[in-house]
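Asker: Got these off Swiss-Prot a minute ago, pasting:
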type	residues	note
ACT_SITE	GLU332	active site, proton acceptor
ACT_SITE	HIS333	active site, proton acceptor
BINDING	TYR135, GLN196, ASN219	NAD(+) binding site
BINDING	SER242, GLN264, HIS267, HIS333, ASP366, GLU420, HIS425	substrate binding site
BINDING	GLN264, HIS267, ASP366, HIS425	Zn(2+) binding site
Amino acid sequence: MTEVKIKRLYTGDADFASQLDRLLAWSESEDTDIHQRVTEIIGCIRRDGDAALVELTARFDHFVVDTAAALELPRDVLEAAWQALPAEQAKALREAAERIRAYAERQKLDSWDYREADGTLLGQKITPLDRVGLYVPGGKAAYPSSVLMNAVPAKVAGVPELIMAVPAPRGELNALVLAAAYISGVDRVFRIGGAQAVAALAYGTETVPRVDKIVGPGNIYVATAKKLVFGQVGIDMVAGPSEILVISDGRTDPDWIAMDLFSQAEHDEDAQAILISPDAAHLEAVQASIERLLPGMERAEVIRTSLERRGGMILVDDLEQAAAVANRIAPEHLELSVESPEVLVESIRNAGAIFMGRYTAEALGDYCAGPNHVLPTSGTARFSSPLGVYDFQKRSSLIYCSPDGADQLGRTASLLAWGEGLGAHARSAEYRIRHH
């Protein structure tokens, strides 16, 4: 087994900042060819609707149907998939869904208002989105957890109609994905994928209804399409490769740390796994664990490439410095594998999800802990948050003026409007002023 060459950094090095920048750098292939093809696909769907959808589904998914209506999956197929699940799988899926739902319930925003002395009422009205599109990657390697994480918060928010798009290569669908759609309350399912599915959801066809927002992960074509339709519809986020950052005080079993790093590195070659510790001997022990455990992994080659290309081990002087480096990285997943995580977490400002303590494996959050696994990547945790109920609700401002309120506010508004040279604004306010 050849050595796994993982980049080593030390905060004491003069060029540490630039070394860290190089380690974190990831430029999504701004492939003009892909951009062009996706633009063409979106144009086809906008122009030809159902006919284009049927043709593109046959071309890209090798799934041939006579009409677009045949792309929709009857609701009883979802129920049958759920009923046919082995009891243990059904129990695990239900438990995960219930935990995600319980967490999401606490995120709900409520409308509020307050009244001023003159009777004027000001407030905020919370309304769920009318219709949301959920994209789910298809084929055999499907992700039922992704269905739960996207669908359950939408339903908790009160979204009346949830439309799922899932590609069916050669007509094949994953039963677990359909079962997850059933128990999380998905309303309609279309067997469509790629940029053509995103375009159909964004603009609508004769058969596929137009949605207000599109959520869910996908390949580079799906991500590019989501970017291009943003503005026509809302999107959740443009996700980069998966990331994990582990801060260890040196007292966690090195095998545990190695496997936690593997858990993200196995996603794909661009995934990033980084370990930070003030204990140099611990970094060596984890390196040894990596080399011992890697040959037994199912996705050993992907993990090796990911660790050698984008992995890192960072030696720091103390845990406070570790927190400062973590804030600079702003990771998607952050594990605090330390004695007192509740103390260290106070220093963390930028992270998608924070896993506190040695026993809290990031994988638990991926599947069933409760918090959402759709998280900001590529440093966007500096200004973004995990997917949640609030992503499926919108806020409207409420203003009600009593006659007295209109009199008072009208005088202020009139002065400001004339100052801006907007006479109609000023007069509109003045008409409601009481002339005593």
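The count begins at 1 with the first shown residue.
Positions of Cβ are set from backbone N, Cα and C atoms, glycine also.
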Asker: Compile a sequence-ordered list of residues in the same chain as GLU332 (active site, proton acceptor), six or more apart from it, whose Cβ lies below 8 A from its Cβ; state 'none' when nothing qualifies.
Answerer: SER242, GLU243, ILE244, ALA351, GLY352, ALA353, LEU375, PRO376, THR377, ALA381
Asker: Tell me the coarse DSSP state (helix, strand, coil) of HIS425 (substrate binding site).
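Answerer: It is helical.
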Asker: Roughly how many Å lie between the Cα atoms of HIS425 (substrate binding site) and TYR135 (NAD(+) binding site), rounded to a whole value?
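Answerer: For HIS425 (substrate binding site) versus TYR135 (NAD(+) binding site), the Cα atoms are 45 Å apart.
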Asker: Same chain only, sequence gap of 6 or more: which residues have a CB within under 8 Å of the CB of GLN264 (substrate binding site)?
Answerer: SER242, GLU243, ILE244, ALA271, GLN272, ALA273, SER306, HIS333, GLU362
Asker: Give the number of CB atoms, excluding that of ASP366 (substrate binding site) itself, located within 10 Å of its CB.
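Answerer: The answer is 19.
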Asker: Taking 8 Å from the centroid of the Cβ atoms of TYR135, GLN196, ASN219 as the cut-off, which other residues in that chain fall inside it around the NAD(+) site?
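Answerer: Other same-chain residues with Cβ inside the cutoff are PRO137, ALA165, PRO167, GLY193, GLY194, ALA195, ALA197, VAL198, GLY218, TYR221, VAL222, ALA225.
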Asker: By Cβ count within 10 Å, point out the most packed of the binding-site residues listed: HIS267, HIS425.
Answerer: HIS267
Asker: Would you work out the biggest C-alpha to C-alpha distance among SER242, GLN264, HIS267, HIS333, ASP366, GLU420, HIS425, the residues that bind substrate according to the record, and give it in angstrom as a whole number?
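Answerer: Taking every pair among SER242, GLN264, HIS267, HIS333, ASP366, GLU420, HIS425, the longest Cα gap is 56 Å.
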Asker: What's the CA-CA gap between GLU420 (substrate binding site) and TYR135 (NAD(+) binding site) in angstrom, rounded?
Answerer: 46
Asker: For ASN219 (NAD(+) binding site) and ASP366 (substrate binding site), what Cα-Cα distance in Å is obtained after rounding to a whole number?
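Answerer: Cα to Cα, ASN219 (NAD(+) binding site) and ASP366 (substrate binding site) are separated by 19 Å.
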Asker: Compute the C-alpha separation of ASP366 (substrate binding site) from TYR135 (NAD(+) binding site), stating it in Å without decimals.
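Answerer: With distance taken Cα to Cα, TYR135 (NAD(+) binding site) is 18 Å from ASP366 (substrate binding site).
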